[in-house]
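As given in TrEMBL:
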TRANSMEM  12-33  transmembrane segment
DOMAIN    13-399  domain 'Major facilitator superfamily (MFS) profile'
TRANSMEM  53-71  transmembrane segment
TRANSMEM  78-96  transmembrane segment
TRANSMEM  108-125  transmembrane segment
TRANSMEM  137-162  transmembrane segment
TRANSMEM  168-187  transmembrane segment
TRANSMEM  217-237  transmembrane segment
TRANSMEM  252-275  transmembrane segment
TRANSMEM  287-307  transmembrane segment
TRANSMEM  375-392  transmembrane segment
Amino acid sequence: MPPQTISRSMPGWLILMGALTAIGPFSIDMYLPAFPSIAAGLGVERGEVERTLAAYLIGMAGAQIIYGPLADRYGRKLPMMGGLILYVLASLGCALADDIQTLTACRVAQALGGAAGVVIPRAVIRDHYETQEAARAMSLLMLLMGLAPILAPLAGAQLLAFVGWRSLFWLMAAGGLALLLAVALTMKETLAPERVLPLRAGTILSNYRALLAHRGFMGHSLAGGMGQAGMFAYIVGSPRIFIELYGIAPQYYGLLFGANAAALIVGSQISARLLRKSAPATLQQRAQVALAVASLSALALALALLGLMSLPLLMACLMGYMFSQGFVNPNSAALALAEQGRRLGAASALLGTLQLSCGALAGLIISIWPAESVLPLAAVLAGSACLSWQFGRMARRPA
């Protein structure tokens with residue numbers, strides 16, 4: 001498919017790709033306010049419910065390695081439909097689960113299906129656009145994906161209040177079914193026949209080996225991954241920090257969560273506009289500095305105030321981090337996927353696996369670190385931001 005440019009009006013296929021990409025954050029953010037209710041309903045400790053989130057992230061990270069080769073062999077549409085079918089069935093399993101073990105297993109299966117929504121849309125965008133336009137498209141994708149962290153906790157809190165926690169998974173199943181129908185009826189295949197790769201173990205391993213040895217790919221992937229690490233640390237830690245430390249009611253938690261998601265959206269859309277005149281690498285580098293400033297400010301304030309900074313100060317630091325991440329994430333992804341050619345599906349898969357692995361590790365650190373203040377979150381944000389800058393610097397270094 002020849003290179004294209006993005007028109008002023010967002011193409012319909014890109015809206016569908018954004019909705020597919022939103023599966024991940026929607027499936028995570030919607031049930032965050034329900035952690036206490038799920039724990040009470042299944043008769044377990046809250047920590048066991050938190051581990052279902054870690055299980056989801058691990059499943060999502062691991063599954064992407066599988067979808068990459070499938071997308072390069074069978075095209076983009078068929079693996080996407082298979083993933084959505086699994087996602088719908090697993091969501092139904094979560095809704096019907098009567099113990100924490102079943103819920104955890106179904107969350108892993110849900111992640112295995114939902115991972116297609118991470119890998120396939122990025123590959124489709126690179127099928128359509130070259131690096132500069134791809135970065136703009138991924139910024140627009142974040143506009144749609146960013147609505148999930150705003151709407152999901154709000155919808156989750158309302159359903160939780162009036163219907164109960166199982167309704168959250170019924171809604172996920174319904175959403176997955178709607179997307180399955182949209183893909184089946186409207187999505188066109190974008191993988192050109194001459195770019196199809198054989199599904200052979202040797203070829204797959206060779207592609208992943210080459211990607212792991214590619215400094216530009218690894219540097220930009222991990223630069224974005226470290227930004228994601230801070231974001232997932234915030235996602236995992238925010239219910240405990242806002243609801244328990246600051247005493248925010250669950251129905252208002254979604255508003256604070258949504259404000260930070262809005263900062264992410266604003267950053268990504270400003271990035272999309274600036275990409276008309278600036279290179280992705282330039283925006284990535286400047287945003288990484290802002291990322292570090294926001295997170296180091298949070299760490300300094302947490303240390304100075306013994307971890308008890310005011311809520312407005314904390315929100316200012318978090319929104320600064322998320323705003324900067326709106327620049328770092330799409331530009332890092334576009335730069336990582338540049339010049340990957342026929343192994344684009346594998347590159348998109350490995351990119352997602354690396355980034356989600358960083359997020360899962362950061363989330364695990366937050367879940368086991370006693371949260372008596374905001375200091376643990378501030379420390380993880382600061383560390384991940386500095387590493388993001390370092391990996392981006394490594395990727396930009398001349399060979």
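Including glycine, each Cβ sits where the backbone N, Cα and C put it.
Here the transmembrane segment (217-237) sits apart from the transmembrane segment (108-125); fewer than 3 CB pairs are under 8 Å, leaving out pairs fewer than 6 apart in sequence. Across 78-96, 108-125, 252-275, stretch 108-125 shows the highest tally of CB pairs under 8 A with the transmembrane segment (53-71). Among residues of the same chain six or more beyond the transmembrane segment (252-275), those with a C-beta under 8 A of the stretch's C-beta atoms are 29, 32-33, 132, 135-136, 139-140, 142-143, 146-151, 153-154, 156-157, 234, 238-239, 242-243, 283, 287, 315, 318-320, 322-327, 329-331.
Under the criterion of 3 or more C-beta pairs below 8 Å, with sequence separation of 6 or more, the transmembrane segment (78-96) and the transmembrane segment (168-187) qualify as touching. Averaged over the domain 'Major facilitator superfamily (MFS) profile' (13-399), the predicted model has a pLDDT of 84.
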